[in-house]
């Protein structure tokens, strides 16, 4: 509004607009002394804006007939109120173009006119998305309005650089307002051919932005949660299992035809692919995966072949599992010979595969226990023998490890490197198997190369003896093997949340160790610098009053840096003595400073840091406990999905046995490869001569495509051997 006061006619005009008195409005707008139709009241509201706020459609029609009317913020207020009829009247006005509904809105307004209610980057289509006005947004889309996705945060284009330099806050707020519109359920529903996939990707992108722009972390995380809720609400609309399957089985691009198979698909390959569910696991959509509809479908697939399993008693479940485990060698032999029978289909069911693999790993742990307890009675022989021959139990362990390595190679081939390293349990398996392979290699080196002094007391062995190193590596591998049992806890509703909490606590411990190492290093350097002058090997003797000599020496707790680190670390557990800071016949000031540093270290590390670690771990446990059911179902679904896909039916060590089916598929793949190689079509010659460069380019493209098909077919042949 201008600095002048309202005239009497303007005041009457605005009061009539507030009352909805259209007769007074028409009288005030009559010539020759018509009132300024764009005059504003003390709140900066024009008559048109007042009519919009009051949802007075007739008054809006009268005001829009005036030639000098300015729409201003009236359109934005109409969108906020959600009155479709008024919005239609306003956008039909000649002063409103299609571009003004989107990015052209801010450019169409004079720089001197800045709205007090809306940010300059808020356009009508963005505001409609913010307010989730479905019909209004549909109207804008029909007029050609659209929302451009913001550039990446690390974009260095001219437009982004100018926006950052001119006003960095306005640049960030514009991005937030745009993403808020893109995350609107109405926008996702109207503009996306696959709303669930769009919600997944946008949620993931918003979480990454929350990490990069942590100043607005809460806003981005709330928008990410909004996208997750939207995908769950869409899943809520499913009313039958067929609809749930249609949602979870949808591919990212349903229009692309499937790749031709190398060989005819078997009947059991009709199992659901669940591509959308795999994508939800990849994008960490815990609410979507833990949704009851999704979990009900997963449960029905998991217990395929055991429809009444969940209704059985606990005792009958244990007996059935023991019977299945006992018959595992017989069933494995049956599957190797007759994989397409009804029994073979039952063996391929996810639940049976889980029981077999769990039982196989349990047998492997039993072998490790037997190897540690030396039940074969060769402890005296192996104690002083460098490079001993493997025992029967160690041969079985080697056989089992070979099967597990083969299984991991198949998993890596199927999932790809990125998906494989994304799972922390795969890292544990990789480390465990690498340690076992290192053990076997060292044992082989010791057995083959050590020919001199083969029988020698262990105390006289060299420090770099391969047998000693192999035993140390084998001990560490055993620790990782038994720690892997925790992975199986995810199937249990009571132990699963504890296992997830343990994983979060390990992350807290890693954060704590970083700070603790800084504190430990600072005190270790200080104490070592203070005490290294005082030699611990020199004895200080003095005569007692009774004539006897008493000799004492200084403590060696802080003489070297590595010993100082060990002393400070073990002092956390009360192992170090307080007398380690005392000196014999030395300077009291040095002893006073040393005791002060030692006490300060204990106060800082035990009272402050240890309690901080306990608080962090308690907070992590409480976060998981607050969403225990959702976290557990998400982790369990990851475990279940690893058993849904075809392949890896037999557990180690049965999976290293070459089955007749694998041999058949191998030769069938070789035949198909040769047929494609020798039936390669010749390139027809054109009537007009082509340039040499173009001909070479086309031939190169043809060769690349053909080579790619051959590589794919060769990969399929390799994969057939893994079935």
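Glycine is treated like the rest: Cβ placed from N, Cα and C.
When the ranges 354-371, 372-389, 408-425, 624-641 are checked against TrEMBL, the one recorded as transmembrane segment is 354-371. Matching 289-307, 536-554, 555-573 against TrEMBL, the residues noted as transmembrane segment span 555-573. Within its own chain, the transmembrane segment (593-614) is flanked in space by residues 508-509, 512, 515-516, 519-520, 523, 526-527, 530-531, 558, 568, 571-572, 578, 580-581, 583, which lie at least six positions past its ends and keep a Cβ under 8 Å from the stretch. Mean model confidence of the domain 'Transient receptor ion channel' (155-217) amounts to 92 (pLDDT, 0 to 100 scale). Within the chain, the transmembrane segment (318-338) has long-range Cβ neighbours (under 8 A, six or more residues past its boundaries) at 312, 344, 347-348, 352, 355-356, 359-360, 649-651, 654, 657, 659-661. Between the transmembrane segment (354-371) and the transmembrane segment (427-448), the number of CB pairs under 8 angstroms, six or more residues apart, is fewer than three, so the stretches are not in contact. Here the domain 'Transient receptor ion channel' (155-217) has, by DSSP, the following mix of helix, strand and coil residues: 53 helix, 0 strand, 10 coil.
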